[in-house]
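A.B. asks: Once you've had a glance at the structure underneath, I'll fire off some questions.
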Amino acid sequence: MTAAPSQVLDRVLVLEMVRVTEAAAIAASVLTGRGDEKAADAAAVDAMRTALNELYMDGTVVIGEGERDEAPMLYIGEKVGSAIGTGPKIDIALDPLEGTTICATAGPNSLAVLAIADEGGLLNAPDVYMDKIAVGPGYPEGIIDLDKTPTENITAVAAAKGVAPRDIIVCVLDRPRHEALIAELRSIGCGVMLIGDGDVAGVIATTNPDTTIDVYMGSGGAPEGVLACAALRCVGGQFKGRLLFRNDDERARAAKWGVTDLDKQYDLSELAKGDCIFAATGVTDGSLLAGVKRKGGKIMTTESVVMRASSGTVRWVKGEHRIG
Ligand SMILES: O=P(O)(O)OC[C@H]1O[C@](O)(COP(=O)(O)O)[C@@H](O)[C@@H]1O
(Lines of atoms letter the chains of each structure in order from A and count residues from 1; the text may use other names and numbers.)
(Lines give C-alpha, C1' and ligand atoms only; values in the text may rest on other atoms or scores of the structure.)
Protein backbone atom coordinates (compact mmCIF):
# COMPACT_ATOMS: atom_id res chain seq x y z
CA MET A 1 0.00 0.00 0.00
CA THR A 2 1.45 3.38 -0.93
CA ALA A 3 0.53 6.85 0.28
CA ALA A 4 0.66 10.23 -1.43
CA PRO A 5 3.58 12.26 -0.13
CA SER A 6 2.57 14.65 2.61
CA GLN A 7 3.15 18.35 1.99
CA VAL A 8 3.82 18.73 5.69
CA LEU A 9 6.28 15.96 6.48
CA ASP A 10 9.35 17.64 5.11
CA ARG A 11 12.03 15.37 3.68
CA VAL A 12 14.47 16.88 6.16
CA LEU A 13 12.37 15.51 8.98
CA VAL A 14 13.04 11.95 7.81
CA LEU A 15 16.65 12.08 8.91
CA GLU A 16 15.95 14.34 11.87
CA MET A 17 13.76 11.60 13.30
CA VAL A 18 16.84 9.45 13.75
CA ARG A 19 18.54 12.07 15.88
CA VAL A 20 15.55 11.92 18.20
CA THR A 21 15.50 8.13 18.60
CA GLU A 22 19.30 8.04 18.87
CA ALA A 23 19.21 10.52 21.73
CA ALA A 24 16.63 8.46 23.62
CA ALA A 25 18.44 5.17 23.00
CA ILE A 26 21.79 6.51 24.15
CA ALA A 27 20.27 7.94 27.32
CA ALA A 28 18.53 4.65 28.15
CA SER A 29 21.53 2.52 27.26
CA VAL A 30 23.57 3.98 30.08
CA LEU A 31 21.08 2.25 32.41
CA THR A 32 20.87 -1.06 30.52
CA GLY A 33 20.96 -4.03 32.87
CA ARG A 34 20.82 -1.88 36.00
CA GLY A 35 17.46 -3.27 37.09
CA ASP A 36 15.87 0.17 37.26
CA GLU A 37 13.07 0.39 34.68
CA LYS A 38 11.84 3.77 35.84
CA ALA A 39 15.24 5.42 35.67
CA ALA A 40 15.95 4.04 32.19
CA ASP A 41 12.54 5.17 30.94
CA ALA A 42 12.91 8.62 32.51
CA ALA A 43 16.32 9.11 30.89
CA ALA A 44 14.94 8.13 27.48
CA VAL A 45 11.87 10.37 27.85
CA ASP A 46 13.93 13.37 28.86
CA ALA A 47 16.38 12.94 25.97
CA MET A 48 13.64 12.35 23.41
CA ARG A 49 11.70 15.41 24.53
CA THR A 50 14.76 17.64 24.34
CA ALA A 51 15.55 16.39 20.84
CA LEU A 52 11.94 16.79 19.65
CA ASN A 53 11.85 20.35 20.90
CA GLU A 54 14.75 21.20 18.58
CA LEU A 55 12.80 20.24 15.46
CA TYR A 56 11.07 22.86 13.35
CA MET A 57 7.47 21.77 13.73
CA ASP A 58 4.23 22.33 15.59
CA GLY A 59 4.09 18.82 17.00
CA THR A 60 1.40 17.20 19.11
CA VAL A 61 2.02 14.00 21.03
CA VAL A 62 -0.95 11.75 20.24
CA ILE A 63 0.60 8.60 21.63
CA GLY A 64 2.98 9.17 24.48
CA GLU A 65 3.86 8.38 28.04
CA GLY A 66 0.29 8.56 29.30
CA GLU A 67 -2.23 11.18 30.30
CA ARG A 68 -1.09 14.53 31.59
CA ASP A 69 -1.87 13.76 35.23
CA GLU A 70 0.26 10.60 35.18
CA ALA A 71 3.12 11.59 32.90
CA PRO A 72 4.97 14.87 33.39
CA MET A 73 6.73 14.69 30.03
CA LEU A 74 5.62 13.61 26.57
CA TYR A 75 2.08 13.17 27.79
CA ILE A 76 -0.78 12.81 25.31
CA GLY A 77 -1.63 16.25 24.00
CA GLU A 78 1.73 17.84 24.83
CA LYS A 79 2.96 20.25 22.21
CA VAL A 80 6.55 19.78 21.09
CA GLY A 81 8.83 21.37 18.51
CA SER A 82 10.52 24.72 18.02
CA ALA A 83 7.69 26.25 15.97
CA ILE A 84 4.55 25.70 18.03
CA GLY A 85 1.72 27.71 16.50
CA THR A 86 3.64 28.57 13.33
CA GLY A 87 5.37 25.44 11.98
CA PRO A 88 3.96 22.42 10.18
CA LYS A 89 1.33 20.60 12.23
CA ILE A 90 2.52 17.08 12.92
CA ASP A 91 1.09 14.27 15.03
CA ILE A 92 3.62 12.19 16.94
CA ALA A 93 3.42 8.68 18.37
CA LEU A 94 6.37 7.80 20.52
CA ASP A 95 7.79 5.30 22.92
CA PRO A 96 11.18 6.56 24.13
CA LEU A 97 11.90 3.16 25.65
CA GLU A 98 9.83 0.32 24.20
CA GLY A 99 10.64 -2.61 26.49
CA THR A 100 11.54 -0.99 29.79
CA THR A 101 11.95 -4.38 31.48
CA ILE A 102 14.10 -5.64 28.63
CA CYS A 103 16.40 -2.66 29.02
CA ALA A 104 16.55 -3.03 32.80
CA THR A 105 17.49 -6.69 32.43
CA ALA A 106 19.68 -6.27 29.30
CA GLY A 107 17.41 -8.57 27.27
CA PRO A 108 16.85 -8.45 23.50
CA ASN A 109 14.84 -5.98 21.41
CA SER A 110 14.38 -2.83 23.45
CA LEU A 111 14.03 0.17 21.18
CA ALA A 112 13.54 3.92 21.14
CA VAL A 113 10.62 4.42 18.73
CA LEU A 114 8.95 7.36 17.02
CA ALA A 115 6.36 7.79 14.28
CA ILE A 116 5.06 11.01 12.77
CA ALA A 117 2.18 11.75 10.43
CA ASP A 118 0.05 14.61 9.23
CA GLU A 119 -2.44 15.90 11.77
CA GLY A 120 -5.06 13.16 12.32
CA GLY A 121 -2.96 10.44 10.66
CA LEU A 122 -2.45 8.26 13.74
CA LEU A 123 -5.21 6.73 15.83
CA ASN A 124 -5.21 8.35 19.27
CA ALA A 125 -5.08 4.94 20.89
CA PRO A 126 -5.64 5.05 24.63
CA ASP A 127 -3.26 3.18 26.91
CA VAL A 128 -5.30 -0.04 26.93
CA TYR A 129 -4.63 -3.47 25.47
CA MET A 130 -5.14 -4.29 21.83
CA ASP A 131 -5.74 -7.69 20.29
CA LYS A 132 -3.31 -7.90 17.36
CA ILE A 133 -2.54 -10.05 14.38
CA ALA A 134 0.10 -9.22 11.78
CA VAL A 135 1.82 -10.72 8.77
CA GLY A 136 4.60 -9.41 6.56
CA PRO A 137 4.28 -8.36 2.90
CA GLY A 138 3.36 -10.64 0.01
CA TYR A 139 0.07 -12.14 1.22
CA PRO A 140 -3.34 -11.55 -0.40
CA GLU A 141 -5.14 -8.57 1.12
CA GLY A 142 -7.46 -9.55 3.98
CA ILE A 143 -5.75 -12.83 4.79
CA ILE A 144 -5.80 -12.16 8.53
CA ASP A 145 -8.91 -11.44 10.52
CA LEU A 146 -9.45 -11.15 14.28
CA ASP A 147 -12.96 -12.56 13.83
CA LYS A 148 -11.44 -15.84 12.70
CA THR A 149 -9.91 -18.38 15.05
CA PRO A 150 -6.13 -18.70 15.33
CA THR A 151 -6.42 -22.03 13.48
CA GLU A 152 -8.35 -20.43 10.62
CA ASN A 153 -5.84 -17.59 10.33
CA ILE A 154 -2.84 -19.91 10.37
CA THR A 155 -4.44 -22.27 7.85
CA ALA A 156 -5.01 -19.33 5.49
CA VAL A 157 -1.47 -17.98 5.91
CA ALA A 158 0.07 -21.43 5.44
CA ALA A 159 -1.99 -22.06 2.28
CA ALA A 160 -0.97 -18.70 0.82
CA LYS A 161 2.66 -19.45 1.61
CA GLY A 162 2.34 -22.93 0.11
CA VAL A 163 3.34 -24.73 3.31
CA ALA A 164 1.64 -26.67 6.11
CA PRO A 165 0.58 -25.01 9.40
CA ARG A 166 3.45 -26.86 11.10
CA ASP A 167 5.85 -24.79 8.97
CA ILE A 168 4.48 -21.50 10.30
CA ILE A 169 6.23 -19.67 13.13
CA VAL A 170 4.10 -17.38 15.28
CA CYS A 171 5.51 -14.78 17.65
CA VAL A 172 3.50 -14.34 20.87
CA LEU A 173 4.11 -12.36 24.06
CA ASP A 174 4.80 -14.83 26.88
CA ARG A 175 1.86 -14.04 29.16
CA PRO A 176 -0.57 -16.23 31.12
CA ARG A 177 -3.43 -14.58 29.17
CA HIS A 178 -2.07 -16.24 26.02
CA GLU A 179 -2.13 -19.81 27.37
CA ALA A 180 -5.12 -20.88 25.28
CA LEU A 181 -3.75 -19.18 22.15
CA ILE A 182 -0.36 -20.87 22.52
CA ALA A 183 -1.99 -24.25 23.16
CA GLU A 184 -4.16 -23.91 20.04
CA LEU A 185 -1.21 -22.88 17.87
CA ARG A 186 0.87 -25.82 19.12
CA SER A 187 -2.04 -28.21 18.64
CA ILE A 188 -1.93 -27.50 14.89
CA GLY A 189 1.85 -27.90 14.85
CA CYS A 190 2.95 -24.25 14.65
CA GLY A 191 6.22 -23.15 16.12
CA VAL A 192 5.54 -20.52 18.77
CA MET A 193 8.30 -18.01 19.45
CA LEU A 194 7.65 -16.55 22.87
CA ILE A 195 8.98 -13.10 23.64
CA GLY A 196 9.15 -11.59 27.10
CA ASP A 197 8.37 -8.04 26.01
CA GLY A 198 8.58 -5.72 23.03
CA ASP A 199 5.79 -6.41 20.59
CA VAL A 200 6.67 -3.49 18.29
CA ALA A 201 9.76 -5.49 17.33
CA GLY A 202 7.66 -8.67 17.33
CA VAL A 203 5.24 -7.26 14.73
CA ILE A 204 8.01 -5.77 12.60
CA ALA A 205 9.84 -9.13 12.70
CA THR A 206 7.10 -10.59 10.44
CA THR A 207 8.42 -8.37 7.63
CA ASN A 208 11.96 -9.75 7.85
CA PRO A 209 12.40 -13.32 6.56
CA ASP A 210 15.66 -13.64 8.54
CA THR A 211 13.66 -13.74 11.76
CA THR A 212 11.69 -16.77 10.45
CA ILE A 213 8.57 -15.26 12.08
CA ASP A 214 5.53 -15.48 9.80
CA VAL A 215 2.76 -14.18 12.02
CA TYR A 216 2.43 -12.06 15.15
CA MET A 217 -0.58 -12.80 17.40
CA GLY A 218 -1.92 -11.85 20.81
CA SER A 219 -2.70 -8.84 22.93
CA GLY A 220 -0.31 -6.08 23.91
CA GLY A 221 -0.35 -2.32 24.33
CA ALA A 222 -2.58 -0.38 21.93
CA PRO A 223 -0.04 2.46 21.58
CA GLU A 224 2.59 -0.11 20.55
CA GLY A 225 0.07 -1.40 17.98
CA VAL A 226 -0.16 2.02 16.32
CA LEU A 227 3.63 2.41 16.32
CA ALA A 228 4.06 -0.99 14.69
CA CYS A 229 1.45 -0.05 12.08
CA ALA A 230 3.40 3.06 11.13
CA ALA A 231 6.36 0.78 10.39
CA LEU A 232 4.26 -1.69 8.40
CA ARG A 233 2.82 1.18 6.34
CA CYS A 234 6.38 1.82 5.17
CA VAL A 235 7.64 -1.73 4.55
CA GLY A 236 4.43 -3.59 3.75
CA GLY A 237 2.50 -6.19 5.65
CA GLN A 238 -0.96 -6.47 7.14
CA PHE A 239 -2.24 -5.78 10.63
CA LYS A 240 -5.58 -5.99 12.38
CA GLY A 241 -6.18 -4.62 15.84
CA ARG A 242 -9.09 -4.40 18.26
CA LEU A 243 -9.01 -2.43 21.51
CA LEU A 244 -9.58 -4.51 24.63
CA PHE A 245 -11.12 -2.91 27.68
CA ARG A 246 -10.91 -4.27 31.21
CA ASN A 247 -13.26 -1.77 32.84
CA ASP A 248 -15.44 1.31 32.34
CA ASP A 249 -12.57 3.62 33.17
CA GLU A 250 -10.65 2.30 30.14
CA ARG A 251 -13.74 2.65 27.97
CA ALA A 252 -14.16 6.24 29.13
CA ARG A 253 -10.51 6.95 28.33
CA ALA A 254 -11.02 5.70 24.79
CA ALA A 255 -14.10 7.86 24.33
CA LYS A 256 -12.17 10.87 25.62
CA TRP A 257 -9.63 10.46 22.82
CA GLY A 258 -12.32 10.23 20.17
CA VAL A 259 -12.67 6.45 19.83
CA THR A 260 -16.39 5.98 19.24
CA ASP A 261 -16.74 2.37 18.09
CA LEU A 262 -15.18 0.41 20.95
CA ASP A 263 -15.57 -3.02 19.31
CA LYS A 264 -14.18 -2.08 15.94
CA GLN A 265 -11.62 -4.25 14.21
CA TYR A 266 -9.11 -1.70 12.90
CA ASP A 267 -7.12 -2.20 9.76
CA LEU A 268 -3.53 -1.04 9.42
CA SER A 269 -4.62 1.87 7.23
CA GLU A 270 -6.97 3.14 9.95
CA LEU A 271 -4.37 2.96 12.72
CA ALA A 272 -1.73 4.79 10.67
CA LYS A 273 -3.08 6.52 7.59
CA GLY A 274 -1.66 8.73 4.86
CA ASP A 275 2.02 9.44 4.70
CA CYS A 276 4.03 8.67 7.82
CA ILE A 277 7.60 8.31 8.96
CA PHE A 278 8.78 5.66 11.40
CA ALA A 279 12.14 5.69 13.16
CA ALA A 280 13.71 3.40 15.73
CA THR A 281 17.10 3.04 17.37
CA GLY A 282 18.15 -0.14 19.15
CA VAL A 283 18.80 0.18 22.86
CA THR A 284 19.73 -3.48 23.32
CA ASP A 285 20.60 -5.93 20.53
CA GLY A 286 17.59 -7.39 18.75
CA SER A 287 16.12 -8.86 15.58
CA LEU A 288 15.62 -5.41 14.07
CA LEU A 289 18.60 -3.42 15.27
CA ALA A 290 21.86 -3.68 17.19
CA GLY A 291 21.86 -1.95 20.55
CA VAL A 292 23.93 0.98 21.71
CA LYS A 293 27.58 0.03 22.27
CA ARG A 294 30.44 1.84 23.89
CA LYS A 295 33.42 1.89 21.57
CA GLY A 296 36.47 2.91 23.50
CA GLY A 297 35.93 5.35 26.33
CA LYS A 298 34.16 8.23 24.66
CA ILE A 299 32.34 6.91 21.62
CA MET A 300 28.91 5.33 21.54
CA THR A 301 27.68 3.55 18.43
CA THR A 302 24.02 3.32 17.46
CA GLU A 303 22.02 1.52 14.81
CA SER A 304 18.75 2.98 13.60
CA VAL A 305 16.19 2.58 10.89
CA VAL A 306 14.02 5.30 9.41
CA MET A 307 11.38 4.75 6.78
CA ARG A 308 8.67 6.67 4.99
CA ALA A 309 5.33 5.37 3.78
CA SER A 310 4.93 7.51 0.64
CA SER A 311 8.29 6.56 -0.86
CA GLY A 312 8.77 3.17 0.79
CA THR A 313 12.37 4.18 1.40
CA VAL A 314 14.07 2.39 4.28
CA ARG A 315 17.34 3.81 5.55
CA TRP A 316 19.62 1.99 7.96
CA VAL A 317 21.73 4.48 9.86
CA LYS A 318 24.84 3.69 11.87
CA GLY A 319 25.97 6.46 14.18
CA GLU A 320 29.11 7.21 16.15
CA HIS A 321 28.57 9.69 18.93
CA ARG A 322 31.25 11.41 20.93
CA ILE A 323 30.16 11.74 24.51
CA GLY A 324 31.42 14.13 27.14
O1 LIG B 1 3.38 -6.42 29.82
P2 LIG B 1 1.95 -6.38 29.33
O3 LIG B 1 1.03 -5.74 30.32
O4 LIG B 1 1.50 -7.71 28.85
O5 LIG B 1 1.90 -5.38 28.08
C6 LIG B 1 2.45 -5.68 26.84
C7 LIG B 1 3.23 -4.49 26.36
O8 LIG B 1 4.41 -4.34 27.17
C9 LIG B 1 5.56 -4.33 26.35
O10 LIG B 1 6.06 -5.65 26.23
C11 LIG B 1 6.63 -3.42 26.94
O12 LIG B 1 6.08 -2.17 27.22
P13 LIG B 1 6.87 -1.12 28.13
O14 LIG B 1 7.99 -0.61 27.34
O15 LIG B 1 5.87 -0.08 28.45
O16 LIG B 1 7.37 -1.85 29.34
C17 LIG B 1 5.03 -3.89 24.99
O18 LIG B 1 5.87 -4.19 23.92
C19 LIG B 1 3.73 -4.62 24.93
O20 LIG B 1 2.83 -4.07 24.01
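Glycine is treated like the rest: Cβ placed from N, Cα and C.
Because the structure is a prediction, the values reported are computed rather than measured.
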A.B. asks: Hey, TrEMBL has Mn(2+) 2 bound by Asp95, Glu98. Any idea which of Glu224, Glu250, Glu270, Glu303 it lists too?
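C.D. replies: Among the candidates, TrEMBL records only Glu224 at this Mn(2+) 2 site.
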A.B. asks: If TrEMBL says Glu98, Gly99, Thr100, Tyr129, Arg175, Pro176, Arg177, Asp197, Gly198, Asp199 bind substrate, which of Gly77, Gly81, Gly142, Gly221 does it name for the same site?
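C.D. replies: Among Gly77, Gly81, Gly142, Gly221, only Gly221 appears alongside Glu98, Gly99, Thr100, Tyr129, Arg175, Pro176, Arg177, Asp197, Gly198, Asp199 as substrate-binding in TrEMBL.
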A.B. asks: Got a sec? Which of Glu65, Arg177, Gly221, the binding-site residues, have CB under 6 Å of any ligand 1 atom?
C.D. replies: Gly221
A.B. asks: For each of Gly198, Gly221, count the other CB atoms within 10 A of its CB; which of these binding-site residues has the top count?
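C.D. replies: The largest 10 Å Cβ neighbour count belongs to Gly198.
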A.B. asks: Minimum Cβ neighbour count within 10 Å among the binding-site residues Asp41, Glu65, Glu224: which residue?
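C.D. replies: Each of the binding-site residues Asp41, Glu65, Glu224 was scored by Cβ atoms within 10 Å; lowest is Asp41.
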A.B. asks: In Å, rounded, how far does the Cα of Thr100 (substrate binding site) sit from the Cα of Glu224 (Mn(2+) 2 binding site)?
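C.D. replies: Counting only the Cα atoms, the answer is 13 Å.
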A.B. asks: Indicate the candidate from Arg175, Arg177 with the smallest number of other Cβ atoms within 10 Å of its Cβ, considering only these binding-site residues.
C.D. replies: Arg177
A.B. asks: According to DSSP, folded down to helix, strand and coil, what is Asp41 (Mn(2+) 1 binding site)?
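C.D. replies: DSSP assigns Asp41 (Mn(2+) 1 binding site) to helix.
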A.B. asks: Please tell me which one of the binding-site residues listed here (Asp95, Arg175, Glu224) sits closest to Glu65 (Mn(2+) 1 binding site), measuring Cα to Cα?
C.D. replies: Asp95
